[in-house]
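Peer 1: Annotated ATP binding site per Swiss-Prot: G81, N142, R167, in sequence order, evidence recorded as sequence analysis.
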Amino acid sequence: MQQTKKLTQCDVTIAVMSGSFLQRGEPALVSKWYRTKMALAGGIDLVVELPYAFATQKAETFANGAISILNALGVSDICFGSEDGHVQHFYNTLSLQQKKQNTFNQLVQQYISEGNSYAKATSEAFSHILSGHDTIDMSQPNNILGLHYIQAILSQKSTIRAHTIKRFAAHYHDESFTNKHIASATSIRKQLFIGDCSFTSIYPFVPNCTSSLLEEYYHIYHVLHNWETYFPLFKYKLLTMSAKELQHIYEMEEGLEHRILAKIQNATSFLTFMEAIKTKRYTWTRLQRVCTHILTNTTKEEIKSAAIENHAPYIRLLGMSQKGQSYLSKNKKQMSLPLLTHTKTFEHPVLNIERRANAVYLSALQEPLRTKCIQQNITQYPIRYNEIDKTFL
């Protein structure tokens, strides 16, 4: 955050945040409202939601949704973390890919025919055509997402300027604490699910406000969300579905439904299930996203009828500082998308999917908190934060 503000010299900082489920194809650790509080306390002025229909997608669609929202908000600059750290390398990569598009496409098909996943095939194709140039390493996850952010800016003819900050010490997929002061989100989540959910082990790696809000959420709702939380519901759902029904689930490829139905029979946890269905053809993240769509019953037809293309249909405001509120007051009339402060009266196929995904996410809570929170997700107004007094209003 400090580096972003220094790099962009921004007046207002805006975060586009996934809701209940994440791009990796897994539930968020705590609710979007608690994560909004963490963001506001950490220095963000406006927190807006990236809808499920974009948030649980491949990098290209995820980036298109995020950039369309930022563009509608009138953002001048974006900043993302990457393993590379040089924004010009991203533009070089896109330029070379376009010049060698035919070769690139042929290589992708060749690597897929050899049994590689699409992600692995594209990574290998990039490696081949980019060798010897000042370009990015397309085997790194944050580089991949960053490339799609810039691609989205260009394809949407946006005037947004891109910046990137090099990620140091902790890597995206690190599962253990390898540095005394910096840890990956993956390692922090894993640590929280070891033993009796001890929060003290993560204190050196997260801001005080974040650890306090994590503890508060756990003490109120008695859960931190991960896939194992939902495994009983997930297994029940699969045991009551046919292969034909599974074929309609979004991102389900032909033949995968039979493997899923066969392996769920003896699976005793989500981890053992994933290990059983994992093959060279599909990445772990891709399979988790399919599982997320099964859990939320998101179908191919639904996503198609939502007609999301490259643009989000609305902006859901989750939280704002006083500075953020002032920015909205001045710029609201110029925004090219509807700004929602609640979802009581707004209707859209993307929002229908969102409501169902939220309800499924909150099924992990006990009654009466579950029903109360499901209703609050619809009626909740944005969280307001006084950045001077550091208090929520």
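From the backbone N, Cα and C atoms, a Cβ is placed for every residue, glycine too.
Have a look at these and tell me how they're positioned relative to everything else.
Peer 2: Look at R167 (ATP binding site): DSSP puts it in coil. The Cβ of R167 (ATP binding site) lies under 8 Å from the Cβ of G81, S82, E83, G85, N142, each on the same chain and at least six residues away in sequence.
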Peer 1: Note down the number of other Cβ atoms within 10 Å of the Cβ of G81 (ATP binding site), including every protein chain shown.
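Peer 2: For G81 (ATP binding site), the count of other Cβ atoms within 10 Å is 17.
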